[in-house]
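Let me begin by presenting the structure, written as structure tokens, before commenting on it.
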């Protein structure tokens with residue numbers, strides 16, 4: 001049942017304690033049955049968004065999703081949670097879990113749960129960054145042609161269909177093998193998988209746990225960008241903060257061209273989440289799981305429903321990695337054609353590929369001893385520290401690259417993981433700017449022609465499949481990504497490395 005405790009705003013604030021300039025504790029008692037405190041990483045300007053949302057809720061009660069602070073607290077009431085229920089600076093309300101929520105559950109506790117709402121509907125929505133040996137001066141004379149070539153090569157938009165040949169047999173292989181399938185089919189370079197989180201393949205994936213309906217939705221969508229906040233951007237290295245880390249990534253100068261691909265598991269992942277939520281809602285009564293919010297539907301990790309979800313989620317995650325790999329292949333083709341060269345000669349190597357929506361078994365220290373945890377990251381990015389065994393050899397001394405997409409027309413960032421982040425946030429940080437208003441409000445308040453004109457005024461070439469959806473993704477709809485990045489940097493949970501400025505945007 002949805003949390004029914006509605007207090008006055010000042011009473012609500014009495015449960016929120018400022019620890020320092022970027023940390024706020026949400027104390028037990030804020031909602032019923034909290035097992036741990038919440039911890040939210042925000043500075044003063046971002047905090048105002050959360051407080052305003054909470055104040056509106058205090059006056060009017062539930063309308064749509066609960067406020068993000070309430071959602072952080074409700075997650076803190078879930079069985080088996082350890083540490084804190086964590087909110088990153090780009091936090092905003094979502095389905096069950098807020099977007100920007102990180103929560104870890106002790107696998108030794110038989111009551112611990114897995115929740116699809118803690119991963120999200122777009123399983124393994126994530127970002128990939130490629131570098132090149134090109135500069136902005138190389139791009140400028142043919143920028144419009146390149147933009148059009150990318151738009152022509154990479155299928156975009158709500159109903160877009162992929163150009164990668166796929167049948168149900170090869171789909172099942174892709175669901176099981178991830179980027180290993182792409183490698184076997186000639187869509188990947190050997191070193192591409194080395195620079196992917198999980199090496200582009202979750203080994204617990206089981207295609208039989210993905211419904212026929214989900215497969216039917218995913219079959220035509222492999223190698224497609226989709227719509228919403230997904231994009232392909234040509235970017236310029238605008239600033240280098242950490243030369244050693246940047247050099248390890250193959251970024252060695254301002255003006256260098258990179259390409260960022262932001263996409264996920266499309267309709268297949270959405271259906272996996274929907275199917276699991278339906279099954280878990282039925283299983284909760286059997287397992288005597290009582291929730292503050294029914295959107296937190298979950299199952300014990302070791303239950304049939306929990307294991308089936310994790311296997312299906314892993315398969316959907318593999319689909320997303322194959323999807324980004326397929327678009328990498330198409331992007332390399334577009335650049336090679338535009339510059340009458342080869343992707344290899346253009347040095348189009350993958351810097352890294354990260355997931356923003358996923359649940360994974362990881363080992364972390366809890367109260368001074370190592371524990372195997374199921375870490376849910378929803379709208380958050382893994383950010384492992386230097387010397388961690390799960391990051392590539394190339395990044396052992398600098399920490400894992402963390403890819404943070406800005407809003408349409410604003411800068412993106414590459415960060416690196418830190419030891420403090422390992423200790424405080426289970427090696428996690430932010431994932432983007434984070435919405436500041438709803439899609440509906442954006443559509444009502446903004447004109448798509450104004451948004452497109454604004455991008456062109458900044459010298460950004462753009463191709464959009466659905467121009468009228470552009471308002472939803474306008475910078476005005478989001479928090480300031482600079483504030484988000486600076487908050488994470490100041491908190492020490494990730495470290496700034498590179499700033500990237502967009503010069504061409506492809507959107508659905």
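Note that Cβ sites are derived from N, Cα and C of the backbone, with glycine treated the same way.
With a cut-off of 8 Å between CB atoms and residues at least 6 apart in sequence, the same chain places 125, 262, 263, 264, 507, 508 near residue 230 (Mn(2+) 1 binding site), listed in sequence order. In the three-state DSSP reading, residue 230 (Mn(2+) 1 binding site) counts as coil. Residues or ranges marked as Mn(2+) 1 binding site in Swiss-Prot: 122, 125, 230.
The Mn(2+) 2 binding site annotation in Swiss-Prot covers 125, 262, 356 and rests on sequence analysis. When secondary structure is read from DSSP and collapsed to three states, residue 125 (Mn(2+) 1 binding site) falls in the coil class.
The feature GMP binding site is assigned by Swiss-Prot to 229-233, 356-357, 405-408, 412, 431-434, 507, with sequence analysis given as support. When secondary structure is read from DSSP and collapsed to three states, residue 407 (GMP binding site) falls in the coil class.
Taken from Swiss-Prot, the feature active site, GMP-histidine intermediate covers 431. Cβ neighbour count for residue 431 (GMP binding site) (all protein chains, 10 Å cutoff from its Cβ): 27.
Put simply, 431 is the one of the binding-site residues 229, 232, 407, 431 whose Cα lies nearest to the Cα of residue 356 (Mn(2+) 2 binding site). Taking CA atoms as the reference points, residue 431 (GMP binding site) and residue 122 (Mn(2+) 1 binding site) are 14 Å apart. The Cβ neighbour count for residue 125 (Mn(2+) 1 binding site), using a 10 Å radius and every protein chain shown, is 27. Residues 125, 262, 356 make up the record's Mn(2+) 2 site, and a Cβ search at 8 Å around their centroid adds 122, 124, 126, 127, 229, 230, 263, 264, 355, 357, 405, 431, 432 from the same chain.
Of the recorded residues, residue 229 (GMP binding site) and residue 122 (Mn(2+) 1 binding site) place their C-alpha atoms 11 Å from one another. A 10 Å radius around the C-alpha of residue 122 (Mn(2+) 1 binding site) takes in these binding-site residues out of 232, 357, 407, in sequence order: 357.
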